[in-house]
Amino acid sequence: MTFNCSLWQDNSMSVKRFAFARFSEVTEQCFLLFTLILLMFLASLAGNALIATAIWTNPVLHTPMYFFLANLSLLEIGYTCSVIPKMLQSLVSEARGISREGCATQMFFFTLFAISECCLLAAMAFDRYMAICSPLHYATRMSRGVCVHLAMVSWGVGCMVGLGQTNYIFSLDFCGPCEIDHFFCDLPPILALACGDTSHNEAAVFAVAILCISSPFLLIIASYGRILAAVLSMPSPEGRQKALSTCSSHLLVVTLFYGSGSVTYLRPKASHSPGIDKLLALFYTVVTSMLNPIIYSLWNKEVKVALRRTLDKKKVLTHR
């Protein structure tokens, strides 16, 4: 189905509504994709909600590491909810349109949660560095107040970047075409629809990607470099194994999130392909959000125990 943009333009000839491109013209393929994504979305919501609930309701997990993990779970819930529901609707119905204001709102929240997660992952790496490399000062340097401030800074940076980028992009004119070759209002595909020269906007998006993706990633690399040096100097094999086990789940989450995000936003414009971009976006919006609770619960005994207690409490309340 081809959308007539003239129906969605005002007297200034600026597009007021967009439409998401179809994944496939084959109905069976769309339904299969809808089913798979819906299952992953529900698994992501349930897993992240369970982890956040388990941490908030179990005093033994009221430590900096789990405080950040609870925030990460909340970010993942917001991250997927900002994108997936509209995508699911577009897969099984012809209602693939979205208003300019709705598109801007989706872009803002997606950017907010994505950038906040970049910063929060760096804060989590710094927490592990302090715990392993400076254990005697850990309680004072990673106090409750410090952790709250680090989380607030992460959310605040995401909010500022989201507002700035969204306002900068939607100050442009869109005079057609109106079909977004993607399944949500991401920055590059929206810029591709703008009229006139968008080189300054593209440079701004790239600069923000460098600053907000690469800078936290370099902090993570530096933290784990120091952690590795400290672990290798430990005389006890048990101590080394324990230290590495507390970092392994975080490292895997960082690899999944930053790997897909970097390939999407930091590679040259000429190498972008709509098909590959969609697959990468599916990975970092759906798959990683679903895998994170599994990674943390499988590799962390305390989280597994807390999850069992939380589920047991829910069973008791259900049977009353």
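Backbone N, Cα and C atoms are what each Cβ position is placed from, and that goes for glycine too.
Checking the ranges 167-185, 243-261 against TrEMBL, the transmembrane segment annotation falls on 243-261. Where the transmembrane segment (146-164) meets the stretches 68-88, 108-126, 203-222, 243-261, the count of C-beta pairs under 8 angstroms peaks at 108-126. Among residues of the same chain six or more beyond the transmembrane segment (108-126), those with a C-beta under 8 A of the stretch's C-beta atoms are 65, 68-69, 71-72, 75-76, 78-79, 82-83, 150-151, 153-155, 157-159, 161-163, 165-166, 184-187, 212-213, 216-217, 219-220, 223-224, 250, 253-254, 257-258, 261.
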